[in-house]
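Visitor: The structure's right below; bear with me while I get my questions together.
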Ligand SMILES: Nc1ncnc2c1ncn2[C@@H]1O[C@H](COP(=O)(O)OP(=O)(O)OP(=O)(O)O)[C@@H](O)[C@H]1O
Ligand SMILES: [Mg+2]
């Protein structure tokens, strides 16, 4: 379960997230949408401590991270939170100096202290799950964007997270490669993974998400069911945003 | 020419010392450089400052002055080092500063997303640096390091002033004995050139080896 309480984030004077409060129960799939610069990535990154929150608190599976925490407490909590969360980035961020299977094995060996052979078995299974078993020994640079992103998903899943965070996982992909990544994500959602997905894929958001968060100017402006949201957003901001997206 | 051939063993011995000093100083310089680079990028204010001041002093003073300070200067404080040891120490400290600059640039050239991906999988900052950032940074740093090392090879000629019989001093000793200059100076120039070329070649090979991805 994810809980944000009065969560704020500022860079110097610039307040990027403004007093966000919400609860995401386990197994829920949440799509976060909104205009560029509205704070979607920042929000996501505050959930696993890649950004330091400057106000309020975040709680991930009862690991409570407060803005007022001392550095030592904060690092400890963030470390625990990251054991429970996986993250997938827009630019994949695969390790270029490691093969596909080594990318997936790395954290198993370093963080979970598994033996190489155990890690290898686990990694091979995950690669099979994302349909890349025959790419185990190639380097990421030899893969298409869609394949790279699937490896990145396998890498995140290796740590057996309870929550998966996705930051525009398909935005860097050629249109014909988007589908294969969304398919893997849909399967994850169907298996009951708790997911927070920042995305511009409105159709995917509508069909795969249980809930839509529409962000603008660092706030969650709308929080609604996909059907209701896409049929008729409540706010003018969201209506304008959807109209713009639908132009394309 | 005959003089040179007759004295080749002596010159080779000089070349051996040149190479030895280069390799040993390079080795310790790499360690010092890596620690300094990490201190500058990830250390607290105290270590950052120390590292910055160190690099600034070394880069802002002539290596010859550094060498005589270590060899002659320290004697005032009762520290008497052998000439070779002094050479190792002075040159390691010297090259460490330049290596740290090469590493620092290379570490900064590794995209932030690499560290973030590693942290997101639960690695600590230290694990992310060791396992993900440094291996990539090393590859990026090879061309600038290559330049540093070839520069270093040539700089070892400085230690002739503290009576280490490396290449330059071997030639000087032979000159003092035979009263001819050019053959000896030319032969050591050729030897320096061969060593530099071999170095460059090896580094290129290492770079190729590391470029499998
Ligand atoms: N490191 C930073 N320093 C200063 N300002 C930042 C930093 N990172 C983000 N911001 C600012 O925070 C705001 C929100 O950025 P964020 O990346 O969260 O937006 P986003 O909704 O993810 O946008 P996009 O759809 O373009 O990815 C922007 O105005 C951005 O300029
Ligand atoms: Mg973003």
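Any Cβ shown, glycine's included, is placed from N, Cα and C.
Automated prediction, rather than curation, is the source of TrEMBL annotations.
Copied straight from TrEMBL:
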type	residues	note
DOMAIN	B:15-203	domain 'ABC transmembrane type-1'
TRANSMEM	B:15-41	transmembrane segment
TRANSMEM	B:53-75	transmembrane segment
TRANSMEM	B:81-99	transmembrane segment
TRANSMEM	B:184-203	transmembrane segment
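Give me the local environment of each listed feature.
Guide: Note on the transmembrane segment (B:15-41): residues 47-48, 50-52, 54-55, 84, 87-88, 91-104, 107-108, 129, 134, 149, 152-153, 156-157, 159, 164-167, 170, 191-192, 195 of its chain, located 6 or more positions outside it, place their CB under 8 angstroms from a CB of the stretch.
Tertiary proximity for the transmembrane segment (B:53-75) is limited to same-chain residues at least six positions away from its ends with a CB under 8 Å from its CB atoms, namely 36, 40, 81, 83, 86-87, 89-91, 93-94, 96-98, 100-101, 155, 158-159, 161-162.
Listed as Cβ neighbours of the transmembrane segment (B:184-203) (distance under 8 Å, sequence separation of 6 or more from its ends, same chain) are residues 3-4, 7, 11, 14-15, 18-19, 22, 142, 145-146, 149-150, 153-154, 157, 167-168, 170-171, 174-175, 178.
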